[in-house]
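Inspection log for the structure reproduced underneath, given as structure tokens.
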Amino acid sequence: MAGYLPPKGYAPSPPPPYPVTPGYPEPALHPGPGQAPVPAQVPAPAPGFALFPSPGPVALGSAAPFLPLPGVPSGLEFLVQIDQILIHQKAERVETFLGWETCNRYELRSGAGQPLGQAAEESNCCARLCCGARRPLRVRLADPGDREVLRLLRPLHCGCSCCPCGLQEMEVQAPPGTTIGHVLQTWHPFLPKFSIQDADRQTVLRVVGPCWTCGCGTDTNFEVKTRDESRSVGRISKQWGGLVREALTDADDFGLQFPLDLDVRVKAVLLGATFLIDYMFFEKRGGAGPSAVTS
């Protein structure tokens, strides 16, 4: 290179063994014979427009539903990975201030606080007025997307629950129209007991409550036991809501615990047992209020 002197002690580099091109030739505008065509140039974008626009904001929609799982009834996928359900009954103003019995409404969450859905009672005012806590009813449970995934049916059984002829029961359907189990009260002279049955009326678990269910200042626990009642595997707990709330309303909070690997159908039937226990022991009796209204 002209004008460049190598430092002392260094010999100039030998010429390379390959021919050196003095420079890149200018591209031909009109290729001649034997020349490859020159690709067309990409047009410059118009002012204000990007050549490669970035994707716009993603529209926020409803949460994606749970994927179907083999062997799990449609809609019960949310029960697979949880071992605890918290049930909060909403307090109705008409019921609080006037004493009129209305249809119950509930919110369901997992033990971690994740919303699982809502449940709403369906019954007529005549049944609430005349039958009170023993009224026949239907409870619809919907997921956060407002899709009905579980239905509870309670028929009218007259008589006292301490008498074998007046035992209460609840049918559990999932999806609605397909029976997956029953909750059947079993007679005992001192303790409230229930059988958790599958679709074939075979007992798989039992629920045993305390002799005195009106706990003041403490939670009321119903133990979920094995079929032979040899050990406890879960619990249905009616949580104490405070003196003012317990005195003025019948809006209750429940906690349901069960093994994580329990069949989802049995989990759903235990959920139905929780609602049946609420109506049997913690709901106003017939004639408690001056009237009943629809909600």
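From the backbone N, Cα and C atoms, a Cβ is placed for every residue, glycine too.
Look at Swiss-Prot and you will find 1-11 tagged as compositional bias 'Low complexity'.
According to Swiss-Prot, the motif 'SH3-binding 2' annotation covers 21-27, on the basis of sequence analysis.
Among the features that Swiss-Prot reports, S-palmitoyl cysteine is placed at C158 (among others). Close to C158 (S-palmitoyl cysteine) in the fold, though at least 6 residues off in sequence, lie R134, G166, each with a CB less than 8 Å from its CB.
Annotated S-palmitoyl cysteine per Swiss-Prot: C160 (among others), in sequence order, evidence recorded as similarity to another entry.
Annotation comment: Swiss-Prot describes C162 (among others) as S-palmitoyl cysteine.
Positions annotated as S-palmitoyl cysteine by Swiss-Prot, on the basis of similarity to another entry: C163 (among others).
Among the features that Swiss-Prot reports, S-palmitoyl cysteine is placed at C165 (among others). In the structure as shown, the Cβ atom of C165 (S-palmitoyl cysteine) sits within 10 Å of 9 other Cβ atoms.
Annotation source Swiss-Prot lists transmembrane segment at 266-282.
Annotation note: C158 (S-palmitoyl cysteine) sits in a coil segment as assigned by DSSP.
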